[in-house]
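Feature annotations, courtesy of TrEMBL:
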TRANSMEM  66-83  transmembrane segment
TRANSMEM  110-134  transmembrane segment
TRANSMEM  141-161  transmembrane segment
TRANSMEM  181-199  transmembrane segment
TRANSMEM  232-252  transmembrane segment
TRANSMEM  314-335  transmembrane segment
TRANSMEM  356-374  transmembrane segment
TRANSMEM  380-402  transmembrane segment
TRANSMEM  414-443  transmembrane segment
Amino acid sequence: MAEESQETTTSLLHHHGQPGWLRRLTTSLRLKTSLLSELSGSVGDLGTYIPIVLALTLVSHLDLSTTLIFTALYNIATGLLFGTPMPVQPMKSIAAVAVSETPHLTVSQIAAAGICTAGTLLFLGVTGLMSFFYRFIPLPVVRGVQLSQGLSFAFSAIKYIRYNQDFTKTTSTKTTDPRPWLGLDGLILALTCVLFLIFTTGDGGKRNVVDATESSGIITTNQRRVEKRLRILSAVPSALIVFLLGLVFCFLRDPSIVNDIKFGPSRFHVLKITWDDFKVGFIRGAVPQIPLSVLNSVIAVCKLSGDLFPGTELSATTVSVSVGVMNLVGCWFGAMPVCHGAGGLAGQYRFGGRSGLSVVFLGLGKLMLGLVFGNSFVRILSAFPIGILGVLLLFAGIELAMASRDMNSKEESFVMLVCAAVSMTGSSAALGFICGTVLYLLLKLRELDCSAFPFSRSTTKSNVEDETIISP
């Protein structure tokens, strides 16, 4: 017993003797599930990442090699900093404007929009304003933003699965050309992947049959078998298998890809961004992106992190500064503007990501692809089955939308649903946020005790006298 106590004390002294940065690194990279689960979770946000990167590369001539390398470094840094599967995703509003509107934004204008957005978030983080907003924004409003974003992802995913997509024209999903049932990007393939993911991951939560029956004291043999089967299924890296299957089908669909591959990354260079680029980028790209980044990339992702990892809720200041620093470095070299996103976090969690190690694996994979294949990797992405991307995006969107299930009263649900409805029909998270906040304040105003105000005292006194006269 004394020997065990001495060993424990020595271990504790050794742990406390480590430098702070080393303890943080060890904690961030500590496995919380199996290695295969972390690997599976690492590809959980690629359903949004790949289509947007592909569209920007084909339409706006974004440098894919530079984007892969910088987003890889971002993934590794955020995994070490936050210790959770914090995603690095494209700034969606800027990407939508760059590809969908005419004239298309140039690479310099896209970078300028990212720099303006990043500067705003960095300012809000450093001054403490982001923490102030995060502290006082009503939870039902945040849940409404999460619900709208999650359902938007899910609706887009269904369209990816049902209809053919051409990302050389737009990032939206308005096409009505139905996807064929057969083929290497057919409906049967996509539906098979959906069934496989449902069978292996279930509803995304952990279900312990043995623990559920311990209260009764009776655990049957069948229950133990079910418990064992669920444990085996949860260990399957299902999302990783689906993604690797998609990569294999890339080469089967277009074998000429092999001849177009050129090894080595593109050369880094600093973009020349003019004042006109900043003006156009700010008005057309940054203005619609800033509210979305504040709400979804900082506030919603911090709330979701606290829900998924109790006791480890992220600091809004840290997340905001992180987005600012990433883009103020990478955008000057032509990398795609990025942010953190609640949808990406939900997707990576849904498929097994539980620690920073998950996004570190993703970063290492991107870094290898960027250094080895460079810009020729766009040929591989262009042949990737869009139906499979839709499947991954569908589960990520549903997981994000399910974060809103903790509304316990009709009033909270009312505010959340109005906020979500306005966000989706108005195509603006900022508009939904404003309407949800106004609605929340009006409902609270109805319940406000006005007896403390001078104008209400005479009325209260009169009511009391009337009650006295009427009462026998």
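We count from 1, first residue shown onward.
Using N, Cα and C of the backbone, Cβ positions are placed for all residues, glycine too.
The stretches the transmembrane segment (181-199) and the transmembrane segment (356-374) are not in mutual contact, being linked by fewer than three Cβ pairs under 8 Å (pairs 6 or more apart in sequence).
Sequence-distant contacts of the transmembrane segment (414-443), counting only residues of its own chain at least 6 positions beyond either end whose CB sits under 8 Å from a CB of the stretch, comprise 137-138, 140-141, 143-145, 147-149, 151-152, 288, 291-292, 295-296, 404, 407. Within its own chain, the transmembrane segment (141-161) is flanked in space by residues 47-48, 51, 173, 175, 179, 187, 190-191, 194, 295-296, 299-300, 303-304, 342-343, 346, 386-387, 389-394, 396-404, 406-407, 412, 415-421, 423-424, 429, 432-433, 436-437, 440, which lie at least six positions past its ends and keep a Cβ under 8 Å from the stretch.
Ranking 232-252, 314-335, 356-374, 380-402 by CB pairs under 8 A with the transmembrane segment (66-83) puts 356-374 at the top.
If you look at the transmembrane segment (380-402) against the transmembrane segment (232-252), you find at least three C-beta pairs under 8 angstroms, all six or more positions apart, and that counts as contact.
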